[in-house]
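Participant: Annotations per TrEMBL:
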BINDING   G164, R165, S166, I234  NADP(+) binding site
DOMAIN    4-119  domain 'Tetrahydrofolate dehydrogenase/cyclohydrolase catalytic'
DOMAIN    138-289  domain 'Tetrahydrofolate dehydrogenase/cyclohydrolase NAD(P)-binding'
Amino acid sequence: MQILDGKETSKTIRQELAEAVQERKEKGQKTPHLAAVLVGNDGGSLTYVGAKVKACKEIGFESTLIHLEDTITEEELLAKVNELNNDKEIDGFIVQLPLPKHIDEKKITLAIDPKKDVDGFHPTNLGNMVLNLPGFLPATPAGMLELFKRYEIETSGKHCVVIGRSHIVGSPMSILMGRSAYPGNSTVTLTHSRTKNLKELTLQADIIITAIGKPNFLTADMVKNGVVVMDVGITRVEDTTKKKGYKITGDVDFESVAEKASFITPVPGGVGPMTIVSLMMNTLKAMEINQR
Ligand code: NAD
């Protein structure tokens, strides 16, 4: 069994990105610039955005955090998005979700210029993904593709079972794994809360991707020997032995499933760290696109 070490892999990619930025600087070229819009003070969002801005600084990207009050109106936020769309300094930007209830997330997502949509949530980018055209892939699926590549895992002709159909992880991942590409060319089964015979399906899977947010949901009796497992789940589970009083747990019962798996991501340290570097990779790409 081999651990798919997202922490180490993401470090390597950060190093590569830092070198790419350094080279650009030496040539007098523009430094990639990511802006992150955060509305309100949701604890999780503050942490995620903070981590994204910090990652930018570490690799030499410019970053701007735009922290807005949760009383901001939809019109005001749309105006901000428009301003960022037209700001030549900013190569790509994200609007951290979720947004306060009085703001329509779809409207905001649609207002972002697809060329600056480094989260890859705009329908244009999702359409490009389906059509296998250039564009921005959502960060978490892109991070998983990168792990397949870096560990040279064969995906062609394999049966890939995706558990969970969210717009940001499960659904795009099911499309990406079925595309005529590498990683891809898998036979994909997309499962969700209404799936009746999940265990029957997972037992046939060569690759399992879980994105549901249910701790230890996938157990050893549900997988066959040699399976490749990518665990996207992140759930806080009470743990009095930890300083914080909780630990982060994935959707996979790691100890037992690891005994049967050929490759498996740990949680934490698997898919999570890859998500942030994917955003950085998208920002570098955005700069290259927008400079053309
Ligand atoms: P979500 O929370 O929006 O939706 C959950 C999905 O799980 C739904 O599609 C639902 O149909 C499915 N589901 C629920 N119970 C199920 C069951 N018993 N059997 C089969 N399917 C079931 O999904 P999300 O936003 O993709 O988040 C899923 C998990 O991934 C969460 O723990 C989240 O925190 C985590 N996440 C991690 C990253 C990362 O970077 N590692 C990124 C995004 C989300």
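Cβ coordinates are placed from backbone N, Cα and C, and glycine is handled just like the others.
Help me picture where these features are in the structure shown.
Facilitator: The C-beta environment of G164 (NADP(+) binding site), restricted to residues of the same chain at least 6 apart in sequence and closer than 8 Å, consists of G170, T191, H192, T210, A211, I212, G213, V232.
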Participant: When secondary structure is assigned with DSSP, how many helix, strand and coil residues does the domain 'Tetrahydrofolate dehydrogenase/cyclohydrolase catalytic' (4-119) contain?
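Facilitator: Summed over the domain 'Tetrahydrofolate dehydrogenase/cyclohydrolase catalytic' (4-119), the classes give 60 helix, 19 strand, 37 coil.
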Participant: Largest pairwise Cα distance, Å, within the listed NADP(+) binders G164, R165, S166, I234?
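Facilitator: Taking every pair of listed residues, the largest Cα separation comes to 16 Å.
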